[in-house]
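Engineer: The structure is given below, and queries will be raised subsequently.
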C-alpha cells in the first residue's frame, strides 16, 4: 500500500512520488526505532558529521535510507545534515531536497521523541544555487515525529496539513487539512542553563516571563525544554507558545546552533503556513539566505504575537533591556 492512500488531492501531483518515497522511509524508520535495542544498538556513536557533532547509528541509517529511496526520483540534489556536501541523485531531476534525517538523536537512548525534517526547493543548475537561496522560495517542507503517535506535518504552501500513521495499514491518514498555531499560550521553550550567555533582549524577555504575576506580564508562565526540535514544534502547533534558541557568547554559538537549511527554514515554513511566526529574534527566517550548506542561525518561532513581542524586545533602548523588569511596563500582558 502507498503511504498516502487517502485524499490524493492534498498532495500536489508533481510532489506525489517524492512524498511517497519520504513517507515509506519514515514508516520503516519508525519501525526500526520501535525495535531499537532488540536487533541493534541505535544510540551508539559511530562517527562525527561535518560540524563535529557526534553521529548515532540511527543518524547514519536514516540518512542512507532516505538517500537511497530518493534515487531515481525527481530529486536532483540531496543535502543532508549527515553529508559534508550535497549529492547529485538525478541529473534530470527538477527538485532539491534538504533533510535532517534524524533530529533529536541525543534522545534515542532515553525513549523521547525524535524526528525527520525536510525541505524542498525547485532545483537550479547547481547544488549551490539550489540550496543557498531564500527560505521563502520553498515549495514544500515538513517533519515526521516518531513518538507515541507517528505524525507528519507538511505544507505545500497552502496551509499546514497533519497526517497520522495508522500502524494497522502502515499508511499516513490525513486528519487535519488546516492546522493552526494557537494564538496564545503561557509556555515558552528555552535552555535556561545558558542564561548567562544570552543577548540582553533575550534575558529581558525571559526575566519578564519568570517574574510571573509579580512582573510586567502580570501572569505566570511555564518553561519547557525537550532538546528535540520536532517535539518542540509539535507541541507549539498543538498548544501555542514560543521556542527560542538564540545566538550567545560561547565559541561556536555566535550564530546560534540550529542549521538554517534543513532545520530552521522548513520548520519556519510549516509554522508560518499555520499562522505562526518565525524569526532569528529580529528578522523573518524565510527572508534570509544561508551562506553555506550547514550555516547556522538563531531561531525563534511559535504563536505570532509571542514572536513579535520578542522582536520588540530587540528594539528597546539599551537602558530598558538592562533595567529591572518593573520599568518595562510597555510589555504588560
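Backbone N, Cα and C atoms are what each Cβ position is placed from, and that goes for glycine too.
As annotated in Swiss-Prot:
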type: BINDING; residues: 81, 100, 102; note: Mg(2+) 1 binding site
type: BINDING; residues: 100, 103, 263; note: Mg(2+) 2 binding site
type: BINDING; residues: 103, 104, 105, 106, 191; note: substrate binding site
Engineer: Select the most exposed residue of 81, 103, where exposure means the fewest other Cβ atoms within 10 Å, treating these as the binding-site residues.
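Structural biologist: With the binding-site residues 81, 103, fewest surrounding Cβ atoms within 10 Å: 81.
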Engineer: Compute the mean position of the Cβ atoms of 81, 100, 102, which form the recorded Mg(2+) 1 site, and then list in sequence order the other residues of that chain whose Cβ is within 8 Å of it.
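Structural biologist: Once 81, 100, 102 are set aside, the remaining close residues are 59, 62, 63, 80, 82, 99, 101, 103, 105, 116, 117, 262, 263.
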Engineer: Quick one: Cα separation, residue 191 (substrate binding site) versus residue 263 (Mg(2+) 2 binding site), in Å?
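Structural biologist: Counting only the Cα atoms, the answer is 18 Å.
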Engineer: Give the residue from the binding-site residues 105, 106, 191 that has the most other Cβ atoms within 10 Å of its Cβ, counting over every protein chain displayed.
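Structural biologist: Counting Cβ neighbours within 10 Å, the top one is 105.
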Engineer: Provide, as an integer number of angstrom, the distance between the C-alpha atoms of residue 100 (Mg(2+) 1 binding site) and residue 106 (substrate binding site).
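Structural biologist: Just about 14 Å between their Cα atoms.
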Engineer: Would you mind checking how many other C-beta atoms are within 10 angstroms of the C-beta on residue 104 (substrate binding site)?
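Structural biologist: Within a 10 Å radius of the Cβ of residue 104 (substrate binding site) lie 22 other Cβ atoms.
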Engineer: Take the C-alpha atoms of residue 105 (substrate binding site) and residue 263 (Mg(2+) 2 binding site) and report the distance between them in angstrom, rounded.
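Structural biologist: Computed Cα spacing between residue 105 (substrate binding site) and residue 263 (Mg(2+) 2 binding site) is 14 Å.
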Engineer: Look up residue 106 (substrate binding site) in the DSSP assignment and reduce it to helix, strand or coil.
Structural biologist: helix
Engineer: Using the Cβ centroid of 100, 103, 263 as the reference point for the Mg(2+) 2 site, which residues of the same chain not in that list have Cβ within 8 Å?
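Structural biologist: Everything else in range on the chain: 81, 104, 115, 116, 117, 143, 229, 230, 258, 259, 262.
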Engineer: According to DSSP, folded down to helix, strand and coil, what is residue 263 (Mg(2+) 2 binding site)?
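Structural biologist: DSSP assigns residue 263 (Mg(2+) 2 binding site) to helix.
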Engineer: If you count CB neighbours within 10 Å, which one among the binding-site residues 100, 263 has the smallest count?
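Structural biologist: Comparing Cβ neighbours within 10 Å for the binding-site residues 100, 263, 263 has the fewest.
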Engineer: Taking only same-chain residues 6+ apart in sequence, whose CB is under 8 Å from that of residue 102 (Mg(2+) 1 binding site), what do you get?
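Structural biologist: When sequence neighbours closer than 6 are ignored, residue 102 (Mg(2+) 1 binding site) has 29, 56, 58, 59, 62, 63, 114, 115, 116 within Cβ distance under 8 Å.
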